[in-house]
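Colleague: One structure, as structure tokens, below. Some questions next.
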């Protein structure tokens, strides 16, 4: 049986393996565990210097306090208002471009494809000032719509690459057969290719959701006020306000990280499939 | 509530706009060049030449407005003064060369470029190899991978808590200092220790990126043909030899991909430095230095010049990537 299962390895190395691995894992997660622990530690514990012992009780009121004392609910709403349109927009656009680049052979096909690949690599810093000015002149500065619109443009390169490679791997005979039967191109796209793209769509939407939710740079460049800022930018300004209140900072960080983490655990398979497909191809 | 309605209305309008555009444009094309009648053959060819552009048009338009045009504007801005009104030639670049902070950033960036991809790939490879053979491997993998779902800024806030320093005589709340004191050491102001504080910042990115490297590499490891490993075992190779001489050479391609992907992330790094030290105490990197000049000094000329330097550093990787993609397509 290959590779040899761990049960057949020598006893000493087996024990070392079984002890070392959980310890390493625990160390890896220590930052998260520390923050989770602090987030439910009552303020009175912190005042008495009980930083690392057991909390005297589980203070879930810290979470309530975060919601009460800060506009975090609004920040989260803003994050959704940026993220969801971006995911939808990217998917719609990249399904179309991916289809065109994978199915049709035309002269500048490669050129367009490389435009999208290159778009993938452009460092966002170089876009900052022109995009800010552009958004200002469009009247979309400091609005979730302006932020979402830019995200759609910026992510389309990656999504197109992803979709094109996925469609390219589909059996081309399907499309040829449909063409021979006289099915119009629109219907081929809509009824044959699109249903087959479901796994790619799932994977891509999870990926884009996390990317956009976690974006901080553009959030600070294109939005300025608590009414429009997403939760990443909000978290950083709250962090500045609550210098000494670690229990609130911790609870706030956990609240901000919850949607992508939940998304990740719920759709782990798609997430990993997406990363693998996006990176290896 | 009203906002929410407005937002969903925009989504609906946007999606219907796109889908409507897609159907309408294709229908119009089909009616201009109908695939029947005396010229059916020629019409099909002509429609075929136009159709891909119908699919591509919205994305290309968006990309031109938000990506291509800004790159050229930035290049232009880097040759202008702080307000973007007057041309100053290469002044911004000569200033860069003489600026201490810039030199510090370049050195730090190179340090990041060497350490972070190497460490992430290394840890990712080890994690992938170790978790592949145990029962709770999948659980371990999700745990290692979890930091990837957290934003850089969130991770920075979490790690700030680890490195926190309270001052002499006070009990430490920072996890690292508490551990050091538990073992009898003295608490340090970690983030101000010259040179080494760079590594403390890198740890955050390594912590995030290892999960990514692990996922990709573990998929590659599973794709290795069993026969090669079988043959090695029959020849009496030890597990170490199998790993280093049989498995790793077969996944070099994937390792290179992981390495370059992380390299690009590193080149653009900004959030972590910005949130944790704001470039003080010798930790500045190009990404956050550029942000500083743009936002705090409001100097678009110098800021753009720094951005262009980042672009130049990314370009070789971009070209390499396009070339490999092209070779694969042949």
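Counting begins at 1 with the first residue displayed.
The backbone N, Cα and C atoms fix where each Cβ goes, and this holds for glycine too.
TrEMBL annotations: computationally assigned, not manually curated.
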Colleague: Quick test of your reading of TrEMBL: among B:199-221, B:222-244, where does it put transmembrane segment?
Modeller: B:199-221
Colleague: Would you please say which range out of B:30-49, B:50-69 has the annotation transmembrane segment in TrEMBL?
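Modeller: The range carrying the transmembrane segment annotation in TrEMBL is B:50-69.
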Colleague: What parts of the chain pack near the transmembrane segment (B:251-270), using Cβ distances under 8 Å and only residues at least 6 beyond its ends?
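Modeller: For the transmembrane segment (B:251-270), the far contacts come to 109, 112-113, 116-118, 120-121, 124-125, 152, 205, 209, 212-213, 216-217, 219-221, 223-224, 285-288, 291, 310, 313-314, 317, 320-321.
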Colleague: So what's near the transmembrane segment (B:6-29) in sequence-distant terms, Cβ-Cβ under 8 Å and 6+ beyond its ends?
Modeller: 47, 50-51, 54-55, 58
